[in-house]
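Trainee: Before we start, here is the structure in question, set down as structure tokens.
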Amino acid sequence: MSAVVFARHAMTPAERLRDAGWVAFVGLILGIPLVGLTTVDVGGRLGVETRFGLLAAAIAAVFAGRLLLRWAIDQARERKQARDRASTATAADRAHGAQRVVNVLGWVALGASIALPIVFSDNRYVVDTATTVLIYVMLGWGLNVVVGLAGLLDLGYVAFYAVGAYSYALLSTQFGWSFWEALPVSGAMAATFGILLGYPILRLRGDYLAIVTLGFGEIIRIILVNWTEFSNGPNGISSIPRPSFFGLDFTRSAPEGSQTFSGFFGLEFSPMHRLIFLYYLILVLALLTHAFVSRLRKLPVGRAWEALREDEIACQAMGMNTTNIKLSAFAIGAMLGGFAGVFFAARQGFISPESFTFTESAIILAIVVLGGMGSQMGVVLAATLLVLIPEFGRNFAEYRMLLFGLAMVLIMVWRPGGLLAHREPTVRLNALGKTTTTGGTAR
Amino acid sequence: MAYALQQLINGLTLGAMYGLIAIGYTMVYGIIGMINFAHGDIFMVSAFIAVTAFTILAAADVTSIPLALTFVLIVSIFFTSAYGWAVERTAYRPLRGSTRLAPLISAIGMSIFLQNSVQLTQGARVKPIPPVLEGGIVLWDAPGFTVQIGWSQMLIIVTTVILMTAFTWMITQTPFGRQQRACEQDRTMASLLGVNVDRTISFTFMLGAALAAVAGVMVTVYYGVVDFFIGFLAGIKAFTAAVLGGIGSLPGAMLGGLLIGLIESFWAAYLWAEYKDVATFGILCLVLMLRPSGLLGRPEVEKV
């Protein structure tokens, strides 16, 4: 219970050592079965291998880390107290300043993202990675509507991503629909799934909802794996047509009666054209998502989402139809996920159920949570970090999910609201009772 | 008929294991109102500890099966409870009194962390151990089909029954059980009356982890293979069991576990085996929609 708050004095060195020793002891107990011992395959049977050197190193690191952490926490607390005493700025002023920085950061990020393919026009790797970042940004913004604004924890978001991707894949390979025809239909399909799932379950409370959505995500994946006639099972769907630029294909030679992109503009053919086109396509989709969500936040429905997140019972008491409000958030989030899925299928040209596991849902959720729930700019920051960190060091890649999990725990413990946490409602009443709008543009 | 009887035995075995894991979920939910998402992975860790312990015993040429099982159970329970304690202390306690979603997200992070640390330290490959308990009793030699109850199945069912009895006694009769129930009803009041709430919660986590450890050892004995991903599905199914029985209710968790185990094995035997997980998730959705308080649970009243 947090009812009792103990006044904490700064620790003496002896106390610090004892504290770190205790943590190292716990680390030792936890480390013995997993780090210290391991089973390896010895000629068809398992044999035990000891790694006590590694264990000792890990324990030493834990001991030192704990000492350092304790010290850093104490230092930070002292500095904060000193600053609080010295400065006269109120919390509101500081939040306002931070908001300005975030706004400027948003414009810088926008400029950089537009300029990126021009600067790196012949670097395939950079453009490809940036496209991946943007897909996650778009997914994060979509999920942000559900988790960040409406406060509904959705652990099966990847299901809608999969519905979008498979809708486009099937519509294009079976019925020959083009990207632009399939995009709205697939989005609507995902939204329909969102409503179908959401209607019965949205009465549930936060954590039950999370588990049911998780179950739904898994059901969709299991069906995709097992219903071979429909989805081609684990082999997935390949040779999905790529989007064209107003009917101009990005191929070396066009079929009879049409033109290629390079031929039409009199350019020399380059495979980079398509990558850059895809990059700008997802950038436009993401920016549209952002504009759409930012507008929604100022409409009654967006305000209702935020009100619902803050206090559901109060909303009911005010006569709001909570089911419909939740349903709208769920459907819009699903639709945005569906759009991202369509783009994903069109970009990869191949999809299989492998791409839509729970891990993917967890990554998207991590992006929203790490960024700060409800913060649009935070999503961009987190998506960039989470995609780039494993890219920087390839041998780092196997630690990626480990660090994900650790970061989720640590950020929750350190800042339960996320990196750019700032759960200010977009609209609030001021003291005079006049409605004012606080910067909800570039968050 | 013989086939159905065999499925009944298999289902009961499976259900006993789900029930053991489900108790961990239901106790934690009862006392701090959160879904301990990492509980399935605690179970997975315990299975790995059991594999290591069995391998050590095999290397030391221990042939007495009861001795080996006792040793493995003690080792696994000890280390797994330490994990349960550490998870609560690091990931959940700092978030007590925070929003409802914060501990859940922290728990998901913990689950990913445990899964990947086991994958990194123990390897991603499936770990097979030589069969510990082979054979069984033939119950019914029907024409064309033999109904058999394996020694390992018998072990699982008997252990579960013993543990459940001991556990029920512990919760209803001992001082710890009284404190645990007091914290469940009203944590503030319990702390005012001198119950050490933090310690009670820690102990609850350790107890849940210990039961999961027993389930982990049983799974290792029963299936003989372990990999780092078993915690996810087992966790979800056990959670479904806890919800089905009524979350917060201990007999409910056991009943739910048995039902889920039976449904799963009959579904796999008579309907589509590949969709057996869909059946579990479907039941979860249905129960939550139609009777959110579960079979034996009390309806929850939300107070402002």
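Glycine is treated like the rest: Cβ placed from N, Cα and C.
What you see is a predicted model, and the numbers here were worked out from it, not measured in a lab.
Annotations for this protein, taken from TrEMBL, read as follows:
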type: TRANSMEM; residues: B:12-35; note: transmembrane segment
type: TRANSMEM; residues: B:42-60; note: transmembrane segment
type: TRANSMEM; residues: B:66-87; note: transmembrane segment
type: TRANSMEM; residues: B:149-171; note: transmembrane segment
type: TRANSMEM; residues: B:278-297; note: transmembrane segment
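A description of the local structural setting of each listed feature is requested, covering burial, neighbours and distances.
Mentor: Remote same-chain partners of the transmembrane segment (B:42-60), defined as residues 6 or more beyond its termini with a Cβ less than 8 Å from a stretch Cβ, comprise 21, 24, 68, 71-72, 75-77, 79-80, 83-84, 87, 114-115, 118, 122, 127, 129-130, 132, 208-209, 212-213, 215-217, 219-221, 226, 228-231, 234-235, 238.
When Cβ-Cβ distances below 8 Å are used as the criterion, the transmembrane segment (B:149-171) is approached by residues 9-10, 12-13, 16-17, 19-20, 23, 69, 132-137, 139, 177, 180-181, 211, 214, 218, 221-222, 250-251, 254 of the same chain, each at least six residues removed from its ends.
Under 8 Å from some Cβ of the transmembrane segment (B:278-297) lie the Cβ atoms of residues 236-237, 239-240, 243-249, 251-252, 255-256, 260, 263-264, 267, 271, all in the same chain and six or more residues away from its ends.
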